[in-house]
Amino acid sequence: MAQTDTVSWSAGLKTILRISRMALDTPGKVAIAILATILASALQLWIPVLLGQAIDQMQSVMAMADAEASRGVLLQTATLVLGVSVLRGIFTTLQNYFSEAVGHHTGYALRQAYYDKIQHLSFGFHDRVHSGDLITLGMLDLEGVRMFFATGLVRLVLLVILIGFGGAMLVQTDPFLAVLALSFVPFVGWKSSVSQLRLRRTWLELQDRMSVLSRVMEENLAGIKVVRAFSAGPHEMVKFRDASVKALDLAHERVDLRVGSTTAMTLSYLVAMALVLLVGGLKVQAGEITLGTLAAFLTFMTILQMPVRQLGMLVNSFARTSTCGARIFALLDLKPVVADAKNAPELEISEGVLRFEGVSFAYPSAPEHKVLDDLSFEAKRGEIIGIVGPQGSGKTTIAQLIPRFYDVGEGRITIDGQDLRSVRLRSLRRSVAVVQQDVFMFTTSLENNIAYGDPWASPRRIEKASDSAQISGYIDTLPEGYRTVVGERAASLSGGQRQRLSIARSLMLKPDVLVFDDSTAAIDARTEESILTALKDEAAERITILIAHRLNTLRHADRILVLDHGRIAEEGSHAELMALKGRYAALHAMQTLSHEGAA
Ligand SMILES: Nc1ncnc2c1ncn2[C@@H]1O[C@H](COP(=O)(O)OP(=O)(O)OP(=O)(O)O)[C@@H](O)[C@H]1O
């Protein structure tokens, strides 16, 4: 998901309209923001008129040499200008407050929808898209869209009124002088738009370079033990410096761009002002316009300067919103590949029979690589099915298909005759627990981690699950027991402790199907034995699938499937497979030999 501007005009317009419609979810705030903008800009336009009139009045009063009257005029105008300015200030505050409020509301709604969508997108999507890109999208792109109402729509209203009505007023007063006064507008508008678009392009590039930088840093921190163990500090520094230098170069380029365009814009504005001063002065001398009119022109130019410079920001805001918005909506509009069928019923489990019927499967990211090939087997409640096979033979894939992390390509998987694709996903995932190879712990207490799937579970149940997973003994030795907070990536726990916590977490679900995906590999043989014995007591209530590399683990299995290239090569009990003298027996001999060698 590199950050590029590739949105067509019509797609951009559609995105802008969609975001504007979202803003209308708070119609009251939108109305106040727009109304306040109109009133603030109308009052701003009034100030040059007032000043011009005051100067003219002063001149005529001074011509009468009446000091008292001129003081009165001065006071009257000053009071009026002050009053108008205060009112304008109030309306500008209302405009800022309510346009920001609308933006925040839109940002909030989008953020919720975005996070909700991420929770439902299929694993195939997450295989494809880097999580760092998703975070960038959810933070930076969303921020770009959030600012649209305040920096885009409201500013557009302000500019239309100031340039449109203000320009019309000047043209009505003196067309030639108006042309001179407004002559800087097209140049500054063009220059500011071009430079803002260039700044935007470089900003996107800078974001890319910054995300490379943060990825280098993130990887360094995550792999700090590897870095230190291999004394790779200097190499890591070089990698970081390369990424930093690239970001710095771009930052310099952005400064040059900004300074260059600001200088050109200021120059053109001052040239226009000098021309108005010169031509206007001559006109005053010739009696064609009053001094007050000239002052009004100059004041108007001063007022107009800033909004015109902001034309570029307006263009930028529309460009940014259409690209950022398009990316966000593209994600929001994705239909999860694995989703509930219409009116899908709950999964009903009575007999408790899980069946793989002619299942073939390839991962969406590698569709040409068949990982499971016409695989069929059956597992009944009370049974423990062991799965063994070489690396990459498809064992984890079987574990991932049961809770529908992915959908099968051909064939079907059923529980009590119900095709898993036809039942409610939630009910399926409540019934199936997979203890995965990669254990993830949240930064919270041990009890919260264990009760993740059932936050209202009683302490008794948490302790029972921990007992079965053989982790309660360790937890009891901790000063804070179950309240002990697990740090970042559970660094304070050993691999085996993490695996046991993960087993306890899955047991809390009281699943009908429990899959262990090589999840006792980091646990010593004696503790593993205790866990499996404890589980065997409960195994009568559920289907248990044990995936393992250590054949010792599979001694508890009623039936063992030997997998090879996504197919079942051998199937039977330990004794049957040994008698077969095939792959299983060979693997057994090899493991026994290496075990004895190690001993
Ligand atoms: N998300 C994925 N996208 C694409 N291919 C994948 C994905 N996950 C696994 N694979 C591929 O599918 C094949 C089977 O992988 P799987 O993880 O099921 O094997 P395994 O038998 O569990 O291996 P191991 O014993 O190493 O855990 C491998 O070739 C692997 O490269």
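From the backbone N, Cα and C atoms, a Cβ is placed for every residue, glycine too.
What TrEMBL records for 31-320 is domain 'ABC transmembrane type-1'. As annotated by TrEMBL, domain 'ABC transporter' applies to 354-590. According to TrEMBL, the transmembrane segment annotation covers 30-51, 72-91, 147-169, 176-194, 264-282, 289-308.
Counting Cβ pairs under 8 Å to the transmembrane segment (264-282), the top-ranked stretch among 30-51, 72-91, 147-169, 176-194, 289-308 is 176-194. Long-range contacts of the transmembrane segment (289-308) within the same chain, counting only residues at least 6 positions beyond its ends with a Cβ under 8 Å from a Cβ of the stretch, are 44-45, 47-49, 51-57, 59, 155, 158-159, 162-163, 166, 169-170, 173-174, 177-178, 181-182, 184-185, 188-189, 192, 269, 272-273, 276-277, 280-281, 283.
Across the domain 'ABC transporter' (354-590), the model assigns an average pLDDT of 88.
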